[in-house]
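Asker: Before I ask anything, here is the structure I am working with.
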Amino acid sequence: MSIPEMQWAQVAEQKGGPLIYKQIPVPKPGPDEILVKVRYSGVCHTDLHALKGDWPLPVKMPLVGGHEGAGVVVARGDLVTEFEIGDHAGLKWLNGSCLACEFCKQADEPLCPNASLSGYTVDGTFQQYAIGKATHASKLPKNVPLDAVAPVLCAGITVYKGLKESGVRPGQTVAIVGAGGGLGSLALQYAKAMGIRVVAIDGGEEKQAMCEQLGAEAYVDFTKTQDLVADVKAATPEGLGAHAVILLAVAEKPFQQAAEYVRSRGTVVAIGLPAGAFLRAPVFNTVVRMINIKGSYVGNRQDGVEAVDFFARGLIKAPFKTAPLQDLPKIFELMEQGKIAGRYVLEIPE
């Protein structure tokens, strides 16, 4: 398979951008790595944070962002046994980990202190050819469309793991904050596929229509409600609140409200990462109502296998729009304005 020396990529040369669409060298895989010809890459809010450099985590510069890449393996290192040339592969946020520390040994690879992160600490998938550790790349069934599966590689795995972390069971109710966004639209579907009832929280009629079409039993519009806490509780059985809350918002305020409408002995799971934000919960109520508050961060390798399997079996359809790689700056503008329903997937040029 012919591999060129140069390729097109979206490159940030300094924090805050601008993005420059230019040619850069094609990387060569190490002994335990694969080189993937990226056909599609989802766009995640994390990519915008990476560009801005506004998280308390050092970001590589210059940087090729992106961490939801789906494509074809075109080269592999001598030690790679998991992939053959021509296999379909997904490159995710967790590009690699040491596999030897306490966290890796107990299947918490995302917590590895030496983890490498696609599109953040190593170059990601907003380029024609990208590198990933073979042990962490996802093998994709060849009958699965690469454009449609791209958002599952981060958004899907992340929300699937969050639902597992919440402990919510079939027949119980989960409130999903940010249900009309890229993560939320997937969380809603995973929840429905797991037999969980959903109260969707977001803003706007377009997002309401999408959430209802995906199976939400109730929709609370934060731009219209006079009392969000009361409205969410009223939408749950017996008005007692949701058994779990999945926080996918990119603003701080929802993180201050969730403990007020979660059910006693319920669980609040923080997944969204608004820059500089803090969680807030009344200590008295948290104690006497036995509320659990926890974070959930992407997923391990097995979570990835399971999340992709839901998709491969037709249980999940990621709402997405396609755009060329050159349009990434415009997509970031729409993202900052909160005007994206579902997910954007970039088509990477051949």
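Just so it is clear, glycine is given a Cβ too, placed from its N, Cα and C backbone atoms.
Below, the features straight out of Swiss-Prot:
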BINDING   Cys44, His67, Cys154  Zn(2+) 1 binding site
BINDING   Cys98, Cys101, Cys104, Cys112  Zn(2+) 2 binding site
BINDING   Gly178, Ala179, Gly180, Gly181, Gly182, Leu183, Gly184, Asp202, Lys207, Ile271, Gly272, Leu273, Arg343  NAD(+) binding site
Asker: Taking the Cα atoms as reference points, how far is Gly272 (NAD(+) binding site) from Cys104 (Zn(2+) 2 binding site) in Å?
Answerer: 23
Asker: Considering the binding-site residues His67, Lys207, Arg343, which residue's Cβ sits among the greatest number of other Cβ atoms within 10 Å?
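Answerer: Of His67, Lys207, Arg343, the one with the most crowded Cβ is His67.
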Asker: Got a sec? Which of these binding-site residues, Cys44, Cys101, Cys112, has the most Cβ atoms within 10 Å?
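Answerer: That would be Cys44, with the highest Cβ count within 10 Å.
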Asker: So if I draw a 10 Å sphere around the Cβ of Cys98 (Zn(2+) 2 binding site), how many other Cβ atoms end up inside it?
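Answerer: Excluding its own Cβ, the number within 10 Å is 14.
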Asker: Under 8 Å between C-beta atoms and at least six apart in sequence, can you list the same-chain neighbours of Cys104 (Zn(2+) 2 binding site), or say none if there are none?
Answerer: Ser97, Cys98, Cys112
Asker: Using DSSP reduced to three states, classify His67 (Zn(2+) 1 binding site) as helix, strand or coil.
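Answerer: Coil, per DSSP.
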Asker: Whole-number Å distance between the CA of Gly182 (NAD(+) binding site) and the CA of Cys101 (Zn(2+) 2 binding site)?
Answerer: 32
Asker: Within 8 Å of the Cβ centre of Cys44, His67, Cys154, which other residues of the chain have their Cβ, at the recorded Zn(2+) 1 site?
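Answerer: Apart from the listed residues, the neighbours are Gly42, Thr46, Asp47, Gly66, Glu68, Lys92, Trp93, Ser118, Gly119, Leu153, Ala155.
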Asker: With an 8 Å cut-off on Cβ distance to the Cys98, Cys101, Cys104, Cys112 Cβ center, who else from the chain surrounds the Zn(2+) 2 site?
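Answerer: Other same-chain residues near the Zn(2+) 2 site: Ser97, Leu99, Ala100, Glu102, Phe103, Lys105, Glu109, Pro113, Asn114, Ala115.
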Asker: On a C-alpha basis, identify the one among Cys44, His67, Cys101, Cys154 that is nearest to Gly180 (NAD(+) binding site); the candidates are the binding-site residues.
Answerer: Cys44
Asker: With DSSP assignments reduced to helix, strand and coil, which class does Cys101 (Zn(2+) 2 binding site) get?
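Answerer: For Cys101 (Zn(2+) 2 binding site) - judged by DSSP and reduced to three states - the answer is coil.
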Asker: Same chain only, sequence gap of 6 or more: which residues have a CB within under 8 Å of the CB of Cys154 (Zn(2+) 1 binding site)?
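Answerer: For Cys154 (Zn(2+) 1 binding site), the qualifying residues are Gly42, Cys44, Thr46, His67, Glu68, Lys92, Trp93, Val298.
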Asker: Can you tell which of the binding-site residues (Gly178, Gly184) has the fewest other C-beta atoms within 10 angstroms of its C-beta?
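Answerer: Checked Gly178, Gly184; of these binding-site residues, fewest Cβ neighbours within 10 Å: Gly178.
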Asker: For Gly182, Gly272, listed as binding-site residues, tell me which one has the smallest number of other Cβ atoms within 10 Å.
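Answerer: Counting other Cβ atoms within 10 Å of each of the binding-site residues Gly182, Gly272 gives the minimum at Gly272.
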Asker: If you draw a 10 Å sphere on the Cβ of Gly180 (NAD(+) binding site), how many other Cβ atoms land inside?
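Answerer: Gly180 (NAD(+) binding site) is surrounded by 29 other Cβ atoms within 10 Å.
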